[in-house]
Structures are given as structure tokens and as C-alpha cells.
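Asker: So Swiss-Prot lists these for the protein:
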- 24-78: domain 'HTH cro/C1-type' (DOMAIN)
- 35-54: DNA-binding region (DNA_BIND)
Amino acid sequence: MEFRSVAERICGDIVLSENSGEALRKWRSIFNASQSDLARKLGISPSVISDYESGRRKPGTAFLKKFVCALIELDGERGYQVLSKYRYFLESDHKAVLDIAEYQKTAEPSEFCEVIEGKMLTHFDKAIHGHTVIDSINAILSLNAFDFYRLYGLTSERALIFTRVSTGRSPMVAVRVSNLKPSAVVLHGLEAERVDEMAKKIAEIERIPLVVTEIAIGEIVKRLRRKFA
């Protein structure tokens, strides 16, 4: 399988990160690789990986290339369990996706809600490692079953933020039938009283925090990127 676009995306994210150590740790976590697994593949000791992730060492271009290739090779040894889920997203952009970001640090649901001034309708403790902002109307009109996986970026442990929703039922039904489950679902521009009971029921069944917020979507993106990305 060809994953050059994946490698370029990961390298770019690490290089542009304000904390390269946290970025390295984040990508290792996304690929479910232990420090020992990665060290074995790179031919170095786990303590060296720890030094890079803690900031005691700064990654150069040569190390970054080896690091990313090692992650992809490890995933290949496991049948591309990680990358096969997200290749559709990486192949092209889609007009239904308004914004997408992977976080440098984990966001807890309560902290996430505070940042976007959201009200949580179902309460579950899930780690949030990114977000995708989705135009619900364009998603309904243009996304097929395979396209839906594009919404998850490089990890399903993210918040799916749906805009232009009327009751929230359609987004939650889509989540219900999908194999990948988000860490949270945000219904933008919708008052809590208008959320469909079935949407809330699905959130309870899937154990997903369901959140509503009414602040401007541009402000939401700016706040989330400033706080977590």
C-alpha cells in the first residue's frame, strides 16, 4: 500500500508543532506502537525514544523520516489496521469537511465543552484527540458509506462537530451504523430542548458525549485550535 501522503502529513504536523516531543508521542499513540516496538524497528533503545518525546532530544530530518517510516512499517506488520481505516480521507479533500485538526494534547469532555461553551446532554468520559467540523447538508448530499470514514482524520478519538442540523437525529443515526465511533458529537446551533430524543438515546447506547453549542463556528475552530492543536 502507498502511504506517501500519510508520511508527509505526519512529518509536517511534527515539524510545525510547538512541542515536537508531544507530537511524536501523539503519533506513536495513534499508531498503537509502544516505545519498545518503535525502538526495535529503529534499531535504538527505548530510552532514546523517551528522550525525544520528553524534549531532551530534538528530532532532525533524518530521524523524522525514520520515525514515520517505522510507524507505517509497524502498522503494515499488523495488516495496516490503522492506515486502512483512514486512507479514503487522505486521498482527497471534501466540501462537507469545514475543518479538521489533530490535537497535540488530550482534551477531556468537560474541558472541551468549556472551551466551546457547550452543554453536555450525555455524560461519558472519553479522551478527545482531534476534531472534524462537518457541514451536515453537504454531508447528506455528497458522502457515501466510504466517504464517512474521511470524517475521522487519523484517529476516531475525536469530536465530530455537525453544523446546519435541525434535530440531531441524522448525525447520530450515521454514527450508530458506522464501525468507527467518535469520542464526542457536537450539534452546532441547536438548543438543548430541540435535540431529538432518539439522538440522545443513541448517544446513551453508544456511550458518546452529546454536546450542543450556539457560538459561531469560526470562533469554535479558533478556540479549539488555540487550546489543543
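Each position is counted from 1, following the chain as shown.
Note that Cβ sites are derived from N, Cα and C of the backbone, with glycine treated the same way.
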Asker: Counting by DSSP secondary structure, give me helix, strand and coil numbers for the DNA-binding region (35-54).
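Answerer: Once the DSSP states are binned, the DNA-binding region (35-54) shows 17 helix, 0 strand, 3 coil.
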Asker: Compute the average pLDDT of the predicted model within the DNA-binding region (35-54).
Answerer: 96
